[in-house]
Structures are given as structure tokens and as C-alpha cells.
Amino acid sequence: MTQFKQLSFWSDAEPLECVTRTPEAPNVVTFSFQSPSGALFNHDPGQFVTLELPAPGGPLYRTYTISSAPSRPTALTITVKAQDGSTGTRWMLDNLHKGMRIRAIGPAGKFSIVHHPADKYLFISAGSGITPMVAMTTWLYDSGREPDVVFINCARRPSEIILRDRMELMASRIVGIDLKWVVEEPDPFRSWTGYRGMFNQIMLGLMAQDYLEREVFCCGPEPFMRAVREALAGLGYDMSRYHQESFTAEPGHAEDVPEDVIPDEQNHAEIAFALSGVTTRCSETDTILAAAKAAGLVIPSGCSMGICGTCKVRKTEGQVHMVHNGGITDEDVEDGYILACCSKPLRRVSVEA
């Protein structure tokens, strides 16, 4: 067992070491990581990290929700599902084994009950969108107080419900976790007595009759979340109490945008990458991330839509036109940080990269 001589918290300056990998469902594996120094993990339940995966063609940056809770700080777990055509997750399933060390960036994200405390919760998820819900439910379970959570997860088949055993174990110990599984079809040659079909308003009323009184958290593919939003709004739910996690872009937030200056494709800009000693020219409509790649530099990035915050760098000179989707805080912007993936240089800009 790891001995902790002094309590300290992990930071992303230190790599993560894979200590176990656990199969969960078809093409789904939970990877458990520890800090080589023995540092503990401190994060909000529901947050994510971005992993730098050393793939043969060059590093890949992929963002994954932390499926463990901060109430269990000796390890950080990530539960991933390899989709058709996926490269990063498939690389993890095929190549990431016990003893390997990889770089991680984070934790980050505001999708957490920490920011929206309530007496009663309704967690609605589909597929791998279950992972932040598991983390938040585990944190409530570990708090020592009985929670009030209706936990709905939708999957194609019962065998594809991710982390089902973990959730059913917690639900078997206390009465405050009410699990509702919804599948499109049963597994061959296996009976299924739970809900079947696509999530809809009728199911919602049956599974959580007091949904109007609950704080709602939703995570899953965008079509699924859109259906949930429309169902709740159509039933008169107060949508200010609805929260969702998504890695697809929504209308952006403009930051650090001079009122009288707009990027022009005909105008040239100059970007100085101070740490690399490289200066390059580009159009004002190119992003700083694209300019860095064209110059042969690597700025870690994940979603490339201003959501995950992986490409955050400090701007030391000049102005940029940045339109993001929640991947950077107002405090970071005030401190001079920008997101390279959605920041366009105006005239001359210098960044620490």
C-alpha cells in the first residue's frame, strides 16, 4: 500500500500512472490512475481532464470526465468507451496498461452539483454520459448523509449500461438513490422488466413524479440532450435549474474583443510564441492554434471549440478576438489567458507557448 508521508494534492505538472484497468461493458474500460509521488486528487465531482495520448502519429489530446469522486482521493478513474471510428479511445483500450505514465491537463469544468446545491436531484444521461452522474452520486453517497437522487440512464441494451454494478451496489445500501434504466432493446435470450424505448415525457412522469422540484443534470449525445430539454420545457420545468455537459459547441461568449476591430481575412497578423522562440505571420481570421500547428508547434488541445479549456495559454502582448463556449473563466481572462483554439490575433500578439 502506498504510504503518504505528507498530504499533498496532485497537479498536472506531474504525470498520471495507470495502476488498474477494469472492463465495464463491450468496448468500455475504466482506467485507474495514481500520482507517482503519492499525491492525492482534489477535484469537483463531474469535472474532466484532458489526456495526452502518445499515439504513433503524434500526441492526441482527448477530454474525459472523471468517473471517480473526490471523496476517494487516492486514485483518479476515467471510464471510456471506444466508438466506431474513434482513435484516441481505441488507442487507450489497445495500448494503455498498468505501469504506463501519461500526461494529463486539468481538472476543469463547471458541470457539478458543487455549484448547484439542492435538496433533490434528477440525473438524466445516455451512454457514456453516465460518468459524471456516477461521480456526483458517489460523492453524495460518501458524504454520510442520505441523498435524494433519481438516476436515469439510457442505453441500447442492458449489457451496455456503463458502471451499472457500481450504481446498483450504492443503491442497495441506502434508499436515497432511485435507479431507472431505459434500454432500446433487451439482450438476446435475456428477459428485461425495466423501461424500454426512447426517453420521453411519459417516462419522465413515471420515473420522477416530482421532477418539477428537482435540480436536473443531463449528459449524453446532443440529440438526446435536446430531447430532454424539449421534454422538460414542454412540461413547464424551470429551465434555469437545468444543467448539461456537452462537448459540442453552443453559441459562444465573446471575450477580449475590441469594439472597433473585427478580424479581416485580408489583414495579416504576427504571433510571437515566446517560449518556443518562434514568430509567424498569418491572417487575422486564423486561430492561434492553427497558426501554431502551421509553424510546427504543439499547443495541447482537445475539443477545438472553446469548451474543454485544454488549449489555454497566457497572452502577454496584443489583442485577440476570442469567442468561446465556456472553456475559460472570467478570472482567467482577467489574468491574461486565452483559448488558442478560438482566439484570432489582431495585428501583433505574443503568447507563452
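Cβ coordinates are placed from backbone N, Cα and C, and glycine is handled just like the others.
According to DSSP, Cys341 ([2Fe-2S] cluster binding site) sits within a helical segment. Residues within less than 8 Å, Cβ to Cβ, of Cys341 ([2Fe-2S] cluster binding site) and separated from it by at least 6 positions along the same chain comprise Thr287, Leu289, Ser301, Cys303, Ser304, Met305, Gly306, Cys311. If you look up Swiss-Prot, you'll see Cys303, Cys308, Cys311, Cys341 marked as [2Fe-2S] cluster binding site.
Annotation comment: Swiss-Prot describes 11-114 as domain 'FAD-binding FR-type'.
The domain '2Fe-2S ferredoxin-type' annotation in Swiss-Prot covers 269-353 and rests on sequence analysis.
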Q) Which residue, out of the binding-site residues Cys303, Cys308, Cys311, shows the minimum number of other Cβ atoms inside 10 Å of its Cβ in this structure? A) Cys303
Q: Sort the residues of the domain '2Fe-2S ferredoxin-type' (269-353) into helix, strand and coil with DSSP and give the three counts.
A: 15 helix, 36 strand, 34 coil
